[in-house]
Structures are given as structure tokens and as C-alpha cells.
Amino acid sequence: MTKLHFDTAEPVKITLPNGLTYEQPTGLFINNKFMKAQDGKTYPVEDPSTENTVCEVSSATTEDVEYAIECADRAFHDTEWATQDPRERGRLLSKLADELESQIDLVSSIEALDNGKTLALARGDVTIAINCLRDAAAYADKVNGRTINTGDGYMNFTTLEPIGVCGQIIPWNFPIMMLAWKIAPALAMGNVCILKPAAVTPLNALYFASLCKKVGIPAGVVNIVPGPGRTVGAALTNDPRIRKLAFTGSTEVGKSVAVDSSESNLKKITLELGGKSAHLVFDDANIKKTLPNLVNGIFKNAGQICSSGSRIYVQEGIYDELLAAFKAYLETEIKVGNPFDKANFQGAITNRQQFDTIMNYIDIGKKEGAKILTGGEKVGDKGYFIRPTVFYDVNEDMRIVKEEIFGPVVTVAKFKTLEEGVEMANSSEFGLGSGIETESLSTGLKVAKMLKAGTVWINTYNDFDSRVPFGGVKQSGYGREMGEEVYHAYTEVKAVRIKL
């Protein structure tokens, strides 16, 4: 093993805006220890609702990541983790789910502080994370191979075997939920993990690591290494000891991840990338029921969801009526502000860079000639808050229609026929999510079959369940998170053929 010397990183006591206090780990979590980075460097973590520094956490170096990979590799090859009765892994995952659930108030509050989303939304994210762990616990001993009858004097069967060391890179929009999406199935199938949280939202990943140790996850099985993508991410994608890599983030970075993973050792990879999803509203839609779905589709999590329904297409028969109702609903029902205030639907944008990007796109939309129905401005003097923004009378050549904004900004256009609406929806190079609003089940199912997207929501939107697979087509990536499908992504198939 590499001869490196690490100092213990001490936790810091944090008092959250709702009065809860806790000990926040600040070090790299490697081999069940919280350590300072090899070079001792740290970086500040910001509360996006106030722009104040919460604490400093260690920033991993390439040497730190290599050490984490060595520890994970040892845990996989030199311990019984991968070969033990899978029910034992299920038992530990169940304990981890119980521990997370027992601390749901605290973990939700950490998420709201670190990410800027509302406390209610954060609690929903933690609930999904808990469900992912429970699903993984149940699946641990139930994802198996099969026998194959060839009728020729042979016995044939397959086994599903763990891949090995898995690199996992998650974004800042759903820190705890994305962590569970990736770690839970990997562990259930007998793999070991090195997870890189987004640099701007590392707090819950590090706190989760402390829970892993508490419930008895063996050393080296889970490692958390915060730091910049150019250092930590590059080390994971380029190291040949990483056999599987799961990445959620932008399409641009995802393409680089695919190239590096291929050139290093043809890693098995899952990519969940960007989106510019369409939300179709047909003439027969119930407008009262549709409005909350449109809001959840684009303004949930301040629009920072890769599957956000950021292009709304409304059939011409109800276009004017829906625009008026949408404007009234947003201006009277949707409040923006302090994530810990229960009255607010939308919290802060997670970081300054993304805030500036969104405001720039709003300026671009104005210059392109799109009309603003409502919103378009910053909220308050402190924190990264943007009012929900709706552009209408847009055309398909506008940048605000074609490019992912990743914020509370939506475009609205009209269509005449079902076929025209589907054509407009499918015109994007992305294909992550899509939505349909209609009172006709036959219309919904017909259009769902025609849409080029990994997920189609009918009369709902951005409505996730850990038992349902999620992923994209086209430039939104490949592979699936959640559902039974994700467990197969963390195994290799071995065929055995015996001559009788």
C-alpha cells in the first residue's frame, strides 16, 4: 500500500437555522477514517441562502484518491464483503436505512442548508434515499442468474457477480438522494465504492459516511472524497482499478467521462446527463390539475433538475387560458425565499456560478425577443434567489428553447395537432424526461409511445419512486438508476456450460 501519512480531520459543531446542532465531519472518509488531505488543503462550503461560509472541508488530492482506491480494492479482494451471504449485506443496508430514518429531521436540515432547497423538499429527498437503501437491502439476495435448457446433453447456467471497485460522481442538485441512488445498489451487489460528492455540497455525503461506520459497514467498502472534478473526478475516470463508473452531471462533462473511462480500461459506465424536457398540455387537460404539475415540472428544486419540464407546449385551444391561469397561480401561490420557512415553495439556487448562468439566460431570452409572462428578476439582496420566470411567444431557434438552463426558467409555445406537439417535443438532442397533460388515457398512452425520452410522466411530473428506473436517451445518457435495472448495472454475467 502507498506509504502516505494522514492526520485526523476533526469535526466541527454546526447549529442549523432551525436550531438543531450536530457534529459535521470535515475530512476525507477513507478506510473508515476521516482524514485531512495529503497536502492539508481545505475549501469553504457556503450556505446559498445567505452567502455565508458554513465550514471548511478537506479537498482531496490525486494521492488521496489513489489511496482510497487501494483501500477499496483491498476491501473487495481481501475480505469477505463480496463473497459473503448477500443477506448479510442486506442486513447492513437495512440498518443504514433505519439509522438514516431515525435522523431524518437532521439530515433534511443539513440538505437544506448545504443545497439551498426548501426543508420540505429536502425531507422528500431523504425519504427517497431511505427507500433506495431499503430496496437494496431487499434485492441483495434476489438478483440472480438463470438456468438455460439447450436440450443437448449440457447443463447451462449464469451467475451474476460483483464488478469490483466502483467510482461514483454525483452533482449538487440532489446530494443525499443521488448518493443513495448510486451507493445502495452497488453495495447490495457486493461492490465497493469511492464517491465524489459535488464540491459545493459535500456535507451530507460526509455525514452519511459517519452513519456507514456507525452501522458496521466494513473499512474500505464506502469512501467519500470531496474535491474538484479536475482532480478527484479525473483520478476516478482514469484509474484502471475502477471497473465501474456512474456519473450524473452535464452532458459536456459526461462525454469527457465516457472518453476517459474508455481509454483507461473500458470501464462499465452509467451516464445520467443533461436535459431539455418537454411538457405537453392537450386541449382536454384539466387546467386546475395541470397547474401544480407544470410548477413541479420546472420550479421544483428551483428548476435544478436534469429532467425539468423546461419546454411547455400547449395545444392552441387552451393556450391563452392556460397562460393566464399559469401567471396567476405563480404570482399568488408560489413563494420564494428562506429554505427553512414552510411558506416558501422555492429556495435558493445552489451556488453563485449557477445563479449567474441563469440570470444570463434570462437576459439572452429578452434579447432574443421572447416575452416574459412573469418573473425574470432576483429576489432579495442576500442569497441566490430567482423568481420563477416564464417566457412565451418563443420559437424553436431561440437559445432559451434549445439549451439547458438548469434553473427556474421555462418557455411556453403552442401547437395545433398531436403530431406537431410530439415533433416539437422530440426536436431536442436531449431525452431524459417528458410530460403529458390530458384527460384521455388513450391520448396519453399514444403520445407516451411516440416521445423519445427515458421517462414519460402522465398527469404528474418530476414524480420519482425508488422502484421505478430513471435514465435518458440521446444526449441525456445511457443506463438506468433505481428500479430492478440498476442492480444489473452493478454486476457482470458469467456463463457456465457443463457437458453431462
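Each residue, glycine too, has its Cβ placed from N, Cα and C.
Candidates Lys13, Lys142, Lys366 were compared with Swiss-Prot; the annotation ubiquitin cross-link appears at Lys142. Annotation for the recorded positions Glu252, Glu272: lowest Cβ count within 10 Å of the residue's own Cβ, Glu252. With a 10 A radius on its CB, Gly254 (NAD(+) binding site) counts 22 other CB atoms from all the protein chains.
Counting in whole angstrom, Glu272 (active site, proton acceptor) lies 7 from Gly249 (NAD(+) binding site) by their C-alpha atoms. Proximity note: of the listed recorded positions (Lys142, Lys196, Gly249, Ser250), Gly249, Ser250 have a CA within 10 Å of the CA of Cys306 (active site, nucleophile), given in sequence order. Rounded to a whole value, the Cα-Cα separation of Glu252 (NAD(+) binding site) and Lys142 (ubiquitin cross-link) is 36 Å.
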